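Have a look at this one before I ask anything.
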Amino acid sequence: MISSLASRSLSRNKVAARTATFAKSLSTSSDNTGKTTKRSEPLVETGEWAGCRRDFMAPIGISVRGADILNEPLYNKGTAFKTGERDRLRFRGLLPSRIMNINLQKERFLLAFRAEESNIKKNVMLEDLHDRNETLYHRVLVDHIEEVAPIVYTPTVGQACQEFAARFRRPRGMYFSEDDRGQMAAMVYNWPHKDVHVIVVTDGSRILGLGDLGANGMGIPIGKLALYCAAGGIAPHRVLPVVLDVGTDNEELLQDKFYLGVQKNRLRGEEYFYLVEEFMNAVRYRWPNVLVQFEDFSSDVAQTLLDTYRNNQLVFNDDIQGTGATALAGLLCALRATGSSVEALGDQRIVIAGAGSAGIGIAQTLLQAMMEQGRTEEEAKKAFFIVDQDGLLGTDRMESLTPEQQTFARSEDGGMALGEIVQKHKPTMLLGVTAVGGLFTEEIIRAMAANVERPIVFPLSNPTTRAECTAEQAYEWTEGRCIFASGSPFDPVHFDDGRVMYPSQCNNMYVFPGLGLGATVSGAKTVTDRMLYIAAEALAKFVPDEDVAQGKVFPPINRIREVSHRIAVAVVEEAIRDGQATKLTEDELEDIDSFVARKMYYPEYVPLVEKRTITI
Ligand SMILES: NC(=O)C1=CN([C@@H]2O[C@H](COP(=O)(O)OP(=O)(O)OC[C@H]3O[C@@H](n4cnc5c(N)ncnc54)[C@H](OP(=O)(O)O)[C@@H]3O)[C@@H](O)[C@H]2O)C=CC1
Ligand SMILES: CC(=O)C(=O)O
Ligand SMILES: [Mg+2]
């Protein structure tokens, strides 16, 4: 598949183009918000990845005045404000005299951060920084993403959501509830930033594998958007986290006197969909080109919402589509690790435990990939064994299955339990998206290992407590033979004989930032299935053979900006092929790598000027 897709990609030598891009990207600069300006002298190469670092920054014109600037996290630089700027912006004397640079500020923050042992307290420290100084916050994320991602994202974000009300200090994002019906188009103007590019919205109904957390689910859009900025290069003033607060069916929250959301049972049926529709119209009214990412909606509404908007608005569902693309990339690399061709995907026997948003999203994406490789749908479907709480999806219960699940229902063995399926059908791949921690028992994993030399085991549920098995268990029960990737990160596993196993993280964080960047900078009108497929292909290609040989089937997290750049370029190219790219000029079309690189926000301090003194 990779080779067939490659032949369809734009006809140019990408390696040569990337080299040329580096030189070219150095002769333009950005105002740190993606706006580019021409410059006559090239910069000195910094040794950093092309497009990431720039030593010239156009000033930002701000309307905030004097001391208020210090309380505005998007502009605040704290002790890094230089003397001239303190004078010019009229807050000289309000900061201690010593002037630090961003690296020293970061060092100081990390010292305290690393001294803290509790991950949830680390999350609070980071959120406090987010609320004080966004540039420094994002710089910490960019430079230390591997260390910090598990704190702002899974697994710690799960606990942050569970304790959201108790830890609430300052608001971030927007909330829309039934009481706001009829007001939403006006309410969106309360958001202080006029150029929003990406919204991540949840209704809190299925937060990771933790169930219905209602309005406490706000932690998820905040965490996802932090990754959009740090990993995907979307500027922080261009993202908006949203909770549709339609109530909760979580009894504990309904009784909790400190719960911050609407304390009623969930809105359902027509009224629910009307509310979502009003929200979608409102955001589209103020920001016509905004990308809306649906996140952690329970499966009874997730597919319907996606189908309602996917063909005429710029939306995607991360749990269905982003996860599908990510899993496809990981499984293609896993095939490489077993010594098989990626074209052998359709020859696999794939058991997916979990038939909800993620399980069916993965199955649909794999099915599409097999068809790209030349299988018919009928042939490709035979590879799948999908299991829910009632066992294998079978044609004997078609009427209780969704249309998407029906595609994968098998005529034999309907209702068969997971363990029996593994014994009887000898799968080569076992994926878990059930949110049931420990579902992959020793017996199941040992049965996989008895049938296949290199079993592929992906327990993808989040957070860590919900993983179907741990990395240590999977490696131990397969004598180190399995290829392992999990939704939340696990540490390397050391065997007594000196071998070290490297678990990978298979999480949609590898896809959504680059996908969103590519879709927004190209001015795409919709997110097509093909864009997701191309994103998967770009991600899979990013993993070098040396890593694959060690069983690593995803790139290291600390290369996520490069991954996002690569995915965004591929998405832009696909948007062009598909006639979807509405924003690109001739110049930009000529060198897409450079264009995308220049659009990526990089967190560093830019000069600030009061708006009336300069026209920006
Ligand atoms: N790694 C990643 O990037 C991602 C991970 N996820 C994770 O995947 C998990 C599921 O998410 P999502 O699909 O949206 O959730 P859903 O609630 O939509 O689906 C869960 C599915 O698991 C099934 N299930 C529950 N218990 C069992 C069991 N004991 N045996 C077999 N199947 C069972 C449910 O069956 P039934 O319908 O019968 O109840 C349902 O089909 C979550 O933990 C989430 O965090 C999600 C997206 C991305
Ligand atoms: C990763 C993700 O999107 C989830 O667990 O829901
Ligand atoms: Mg999710």
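Here the Cβ of each residue, glycine as well, is placed from N, Cα and C on the backbone.
For reference, TrEMBL lists these features for the protein:
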{"type": "ACT_SITE", "residues": "TYR153", "note": "active site, proton donor"}
{"type": "ACT_SITE", "residues": "LYS224", "note": "active site, proton acceptor"}
{"type": "BINDING", "residues": "ARG206, ASN462, ASN507", "note": "(S)-malate binding site"}
{"type": "BINDING", "residues": "GLU295, ASP296, ASP319", "note": "divalent metal cation binding site"}
{"type": "DOMAIN", "residues": "130-310", "note": "domain 'Malic enzyme N-terminal'"}
{"type": "DOMAIN", "residues": "320-576", "note": "domain 'Malic enzyme NAD-binding'"}
Give the helix, strand or coil assignment DSSP yields for ARG206 ((S)-malate binding site).
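Note: ARG206 ((S)-malate binding site) is coil by DSSP, not helix or strand.
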Just checking: which of ARG206, GLU295, ASP296 have a Cα that is within 10 Å of the Cα of the residue listed as 'active site, proton donor', counting only these binding-site residues?
none
Express the distance between the Cα positions of LYS224 (active site, proton acceptor) and ASP319 (divalent metal cation binding site) as a whole number of Å.
12
Among the binding-site residues GLU295, ASP296, ASP319, which residue has the largest number of other Cβ atoms within 10 Å of its own Cβ?
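Comparing the binding-site residues GLU295, ASP296, ASP319, the most crowded Cβ belongs to GLU295.
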Enumerate same-chain residues with a sequence separation of six or more from ASN462 ((S)-malate binding site) and a Cβ-Cβ distance below 8 A; give 'none' if the list is empty.
THR154, PRO155, GLY158, LEU208, GLY209, ALA435, GLY487, SER488, ASN507
Between the Cα atoms of ASP296 (divalent metal cation binding site) and ARG206 ((S)-malate binding site), what distance do you get, rounded to the nearest Å?
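Between the Cα atoms of ASP296 (divalent metal cation binding site) and ARG206 ((S)-malate binding site), the distance comes to 5 Å.
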Please list, in sequence order, those recorded positions from LYS224, GLU295, ASP319, ASN507 with the Cβ less than 6 Å from ligand 1.
ASP319, ASN507
If I restrict to non-local contacts, at least six residues apart, and a C-beta distance under 8 angstroms, what lies near ARG206 ((S)-malate binding site) in its own chain?
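Spatial neighbours, sequence-distant, of ARG206 ((S)-malate binding site): ASP212, ASP296, PHE297, SER298, SER299, SER357.
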Tell me the Cβ neighbour count for the residue listed as 'active site, proton donor', meaning other Cβ atoms within 10 Å of its Cβ, over all protein chains shown.
29
Which number gives the other C-beta atoms within 10 angstroms of the C-beta of ASN507 ((S)-malate binding site), all protein chains shown included?
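That number is 26.
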Taking the centroid of the Cβ atoms of GLU295, ASP296, ASP319 as the divalent metal cation site, which other residues of that chain lie with their Cβ within 8 Å of it, listed in sequence order?
THR202, ARG206, ILE220, PHE294, PHE297, ALA302, ASN317, ASP318, SER357
Of LYS224, GLU295, ASN507, which recorded positions come close to ligand 3, meaning Cβ under 6 Å from one of its atoms?
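From LYS224, GLU295, ASN507, counting a Cβ under 6 Å from ligand 3 as near, the near ones are GLU295.
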Taking ligand 2 as the reference, state which of the recorded positions TYR153, ARG206, LYS224 have a Cβ closer than 6 Å to one of its atoms.
none
In DSSP terms, helix, strand or coil for GLU295 (divalent metal cation binding site)?
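In the DSSP reduction, GLU295 (divalent metal cation binding site) maps to coil.
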If you average the pLDDT over the domain 'Malic enzyme N-terminal' (130-310), what number do you get?
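A mean pLDDT of 98 is what the predicted model shows over the domain 'Malic enzyme N-terminal' (130-310).
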Let me know how many other Cβ atoms fall within 10 Å of the Cβ of the residue listed as 'active site, proton acceptor'.
27
